[in-house]
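Student: Quick paste of what TrEMBL says about this protein:
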type: REGION; residues: 1-51; note: region 'Disordered'
type: COMPBIAS; residues: 15-30; note: compositional bias 'Basic and acidic residues'
type: TRANSMEM; residues: 60-79; note: transmembrane segment
type: DOMAIN; residues: 60-349; note: domain 'Amino acid transporter transmembrane'
type: TRANSMEM; residues: 85-110; note: transmembrane segment
type: TRANSMEM; residues: 131-156; note: transmembrane segment
type: TRANSMEM; residues: 176-194; note: transmembrane segment
type: TRANSMEM; residues: 206-227; note: transmembrane segment
type: TRANSMEM; residues: 257-277; note: transmembrane segment
type: TRANSMEM; residues: 314-335; note: transmembrane segment
Amino acid sequence: KTPSAMDSMDSTTLRQRERADLEPLLHEEGNNASDDDDESHHHHEHTKATRCPNFSPGSISNLCSATLGAGALSLPYAISMTGIIFGVMFLLLSAYLTIISINIIIEACVVTQQFKFEDVSKRLVGPHMSIALEASLLVFCFGTAVAYIVAVGDILDQGLHSITFLWEPDSKFVSIYSRERVMILFWTFMLLPLSLQTKLKRLEKFSSLGVLSIIFLVIAAVIHSIIHGDVIGSGANSQEEAATSAEVNSLLWPKSFVSMLQAFPIIIFAFSCQVNVCQIYEELKPASSITDTSDDVPNVMTLLKLKQQMMTTITRNGILLCTILYLLIGVFGFLDFTKTTTDDILINYCIQVTHDALMTA
């Protein structure tokens with residue numbers, strides 16, 4: 001066969017496979033119209049079976065869960081380096097760029113009709129360049145996983161040290177406890193089973209729980225800053241003199257240009273979710289009926305475009321929620337500790353010393 005004939009066959013096979021993959025999204029389950037119906041009745045049933053996509057709150061939860069995480073714990077430190085003004089500007093700019101990047105990725109999914117990040121990359125840049133992209137993706141995911149495990153270790157270590165009866169002299173827990181063991185056990189019995197799931201749809205409940213946990217953390221950080229913070233709370237009231245203009249400027253403006261460059265990757269990392277958006281888009285389910293005047297050939301592009309519109313709504317709502325939470329924990333966390341803000345805000349709370357019930361929770 002000629003190369004053009006081979007390309008034509010490959011293209012036809014690809015379209016058939018894509019149509020077969022999308023067939024469940026285009027027809028209602030249990031549509032068992034009788035074979036002796038006339039052509040107009042069959043077309044009417046086909047019109048009713050073609051449906052536009054919808055999204056559940058679980059779709060937003062999955063996107064927020066992919067975005068929110070360990071990066072939130074470092075945002076107060078990032079704002080301490082950029083100052084409040086540039087920190088807020090960087091957060092808003094990062095949120096805007098994240099929305100644009102997600103929209104571009106989804107547009108690429110529609111054009112290429114591929115629904116995995118690696119497959120989209122391969123179709124856009126070719127097989128050779130896609131190897132480099134997959135390698136960078138592997139490094140990124142590995143680094144993110146390590147960051148999450150380290151963050152979990154910090155959280156559990158701080159929390160367990162706040163439980164006083166575990167650390168009594170005659171307790172066996174003291175002799176067997178180590179931060180590394182806790183991290184390994186938590187990873188084995190919690191993170192690994194969740195990581196083995198092949199569908200993000202199955203993680204919706206866990207994603208919602210994770211988002212609620214971040215919301216609780218943000219609320220706790222805001223309350224702690226208002227009550228005990230260096231600027232707003234009792235820490236400010238205990239100061240002998242009012243804050244000078246130089247001290248106010250140190251809160252509003254960056255320490256140096258270099259510190260701004262160091263903080264920007266931290267803020268960008270907090271919005272990293274692009275790897276997951278293809279799968280979230282693919283798993284959107286059909287909902288309310290639409291009019292389809294096509295023949296028996298499924299209108300694949302129409303469905304993909306409708307799903308793209310719904311994904312745009314999911315992206316806007318999800319990133320808006322993440323941005324609000326990031327602004328709250330970043331600004332109030334920085335105002336809580338100002339110059340002593342560490343790269344992990346949990347270390348500042350010292351819950352094993354103060355035994356603050358809110359921060360322990």
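A Cβ is built for glycine as well, from the same backbone N, Cα and C atoms used for every other residue.
Model, not experiment: these values are computed from the prediction.
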Student: At a C-beta cut-off of under 8 Å, are there same-chain residues at least 6 beyond the transmembrane segment (257-277) that contact it? List them, or none.
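Tutor: Counting only partners 6 or more residues beyond its ends, the transmembrane segment (257-277) has Cβ contacts under 8 Å with 62-63, 66-67, 69, 71-72, 74-75, 77-79, 81-82, 86-87, 90-91, 94-95, 97-98, 101-102, 105-106, 117, 137, 140-141, 144, 200, 311, 315, 319, 322, 326.
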Student: Could you tell me whether the transmembrane segment (176-194) and the transmembrane segment (60-79) are in contact, taking contact to mean 3+ Cβ pairs under 8 Å with a sequence separation of 6 or more?
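Tutor: Contact absent: fewer than 3 Cβ pairs fall under 8 Å.
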Student: Given the cut-off of 8 Å on Cβ pairs that are 6 or more apart in sequence, determine whether the transmembrane segment (176-194) and the transmembrane segment (314-335) share at least 3 such pairs.
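Tutor: Checked: the transmembrane segment (176-194) vs the transmembrane segment (314-335), no contact.
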Student: Restricting to the same chain and to residues at least six past its boundaries, which positions have a Cβ under 8 Å from a Cβ of the transmembrane segment (131-156)?
Tutor: 69-71, 73, 117-118, 121, 125, 179-180, 182-183, 186-187, 191, 272, 275, 344, 346-347
